[in-house]
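Some features that TrEMBL has for this protein:
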- 16-39: region 'Disordered' (REGION)
- 18-36: compositional bias 'Polar residues' (COMPBIAS)
- 157-191: repeat 'PPR' (REPEAT)
- 192-226: repeat 'PPR' (REPEAT)
- 227-261: repeat 'PPR' (REPEAT)
- 262-296: repeat 'PPR' (REPEAT)
- 297-331: repeat 'PPR' (REPEAT)
- 332-366: repeat 'PPR' (REPEAT)
- 367-401: repeat 'PPR' (REPEAT)
- 402-436: repeat 'PPR' (REPEAT)
Amino acid sequence: MFHSRAKSINLLRHCGSNPLQSHHQPYQTFRSNKPKTTIPRRRQRLHRSTAKLRRPIPFVSDVKETQDPEEALSLFHEYHQMGFKHDYPSYSALLYKLARRRNFEAVDAVLGLVRDRNIHCKDTLFIALIQHYGKADLVDKAVDLFHQMPSFNCVRTLQCFNELLNVLVDGGRFSDADEIFGRCSTLGFRPNSISYNIMIKGWLQKGDWEEAWKVFDEMLEKKVQPSVVTYNSLIGFFGRKGELEKATGLFEDMRQKGKYPNAVTYALLMEGLCLAGKHDEAKKIMFDMEYRGCKPRLVNYGVLMSDLGKKGKIEEAKSFLQEMKKRRFKPNVVIYNILINFLCKEGRAAEAYKVLVEMQVGGCETNAATFRMMVDGFCQIEDFEGAFKVLTAMLANRHCPRLETFECLVTGLLKCGKINDACFVLEEMEKRNMHFHLEAWEALVVDACGEDIVACDVVTELGSAH
């Protein structure tokens, strides 16, 4: 069940061992000899400017279809063996796939090939990789990649700079974000509204609205126009802090300056009112929105439904859903998830499952959060068989639970005597490079062997045997 990535990395090294092409030869993905294996034909598209048929790139099409990063690496090697010359589209497609599946060891190896072969890269590739490093809490790697971009024949753009700022802020490295923001001019960048919005977000996350306000003032001094997002960040902060006067003051200020509040702006005001226990006022604002030139959106209904759910008024929230449908609003996955979330929290996973079925029958696609809440909801009431059924559907839809959910489900299935199902879950964890914490293994050993055994010693022995 446990395996190493060394084989796939060796395949990449083998691909990179061939002599480099001359700089005068263009890198193109084509087949020099027809391979023995048949690759299905893809629909060809007309080129916009020449109206000529453009041949699809077989490797790129195939790597997009595979879900297993190890298989993607094998495909890369197989195409190389068949005479394909991998160029930027090939490398970028492979890197996107590996980064999404968090196989960063292989990402490093592929990037090494890209640099060694002098492939010209686009900044969009590095923006995506920086994002994925951030999501995986590999902030240092994101910083290193940003600084290494010139070595990949790629100019660092303001968009890359902003993405790095965002990763630093979201990764709890605000001091580093502030430092690099202070050096933006030496790096050759002039901050735009997005740059300032990220810094305002960072200060507000620290709870320092005065520093955030200084950034806001700096925007105005440097003639960078605040956007609706800028105002929304500040309005949302003051609303959550219960400082409704400041929130409404900013709301009026943005209108006076010609910035039209959007549905999110109103939703943030409504959220502040709900937190202050003024549900009826929030509801009134929503129904007054249209008279102010902004039609209500699902996000506004979601605020009211969430407030009802927090107060335990789930039946009212459900009736609100029906009212939405009467007004010809089609609920989206976020709206359904609100109901599912609060039903599961109250131990009503069976009812939540009915809502899940309702949304699917209505043509609304579930997302990862939907399945995660349902699996957790069934685990909460110790219906591990129900949780396992939802998990299989979740995996079929290419979503993945949290590590804590996996651990809870494995333990519960073993208690129920569902050994095969528990092993299946462990295999799926291994495919995603997710492993039990030591405490979870110890709890598992105690459940299986009883309280008398020293669980830590058993786990240590198992690890040594492996």
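Backbone N, Cα and C atoms are what each Cβ position is placed from, and that goes for glycine too.
TrEMBL entries are annotated by machine, without manual review.
Using DSSP to sort the residues of the repeat 'PPR' (227-261) gives these counts of helix, strand and coil: 26 helix, 0 strand, 9 coil.
The DSSP breakdown of the repeat 'PPR' (262-296) into helical (H, G, I), extended (E, B) and coil residues amounts to 27 helix, 0 strand, 8 coil. DSSP assignment over the repeat 'PPR' (367-401) gives 26 helix, 0 strand, 9 coil. According to DSSP, the repeat 'PPR' (192-226) comprises 26 helix, 0 strand, 9 coil.
Under DSSP, the residues of the repeat 'PPR' (297-331) split into helix, strand and coil as follows: 26 helix, 0 strand, 9 coil.
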